[in-house]
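Here the structure comes first, spelled out in structure tokens, and everything after it is commentary.
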Amino acid sequence: LVAVCVSLLGAANIPPQPLNLQQFKNMIQCAGTRTWTAYINYGCYCGKGGSGTPVDKLDRCCYTHDHCYNQADSIPGCNPNIKTYSYTCTQPNITCTRTADACAKFLCDCDRTAAICFASAPYNINNIMISASNSCQ
């Protein structure tokens, strides 16, 4: 019982995932055959941050998505990390629900475009966990 309590206390310190990120993960699953985890630490831009020149088409998808989120920051009150939106998935088709909320529409379009891009881009296992200092100039 003590171990369970300690375990639960430790889990309480884990921050919740942003809802928008969860929606993006679900879109990736809808559009393609790879899980969202396949894109963590891929190339120079897939995952947190990014620098240099994208290494391939898939990495360019991540680069474009990063820049799309940067543009969303210019919409008053729009926070890409927490803003949610509505969409439908009929695999592999994703449709953003029409809304008057400019931020929600913009973010849904960013995520939809990226998910479709991921699904259509070749996946090169040699671009996983590459050295940013060597490959992302």
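Note: Cβ is positioned from N, Cα and C throughout, glycine not excepted.
The Ca(2+) site recorded in Swiss-Prot includes TYR45, GLY47, GLY49, and the single candidate from ASP56, ASP66 that the record places there is ASP66. Bond annotation: of CYS78, CYS89, CYS117, only CYS78 is listed by Swiss-Prot as forming a disulfide with CYS103. Candidates considered were CYS5, CYS110, CYS117. The record in Swiss-Prot pairs CYS68 in a disulfide bond with CYS110. According to Swiss-Prot, CYS89 forms a disulfide bond with CYS30, chosen from CYS5, CYS30.
The record in Swiss-Prot pairs CYS136 in a disulfide bond with CYS44, which is drawn from CYS5, CYS44. CYS110 (disulfide bond): 24 other CB atoms within 10 A of its CB, across all protein chains. The two recorded residues, CYS89 (disulfide bond) and HIS65 (active site), have Cα atoms 19 Å apart. When the neighbouring Cβ atoms lying within 10 Å are counted for each of the disulfide-bonded residues (CYS30, CYS44, CYS103), the highest count belongs to CYS44. If you take the CA of ASP66 (Ca(2+) binding site) and look 10 A around it, you hit none of the disulfide-bonded residues from CYS30, CYS44, CYS108.
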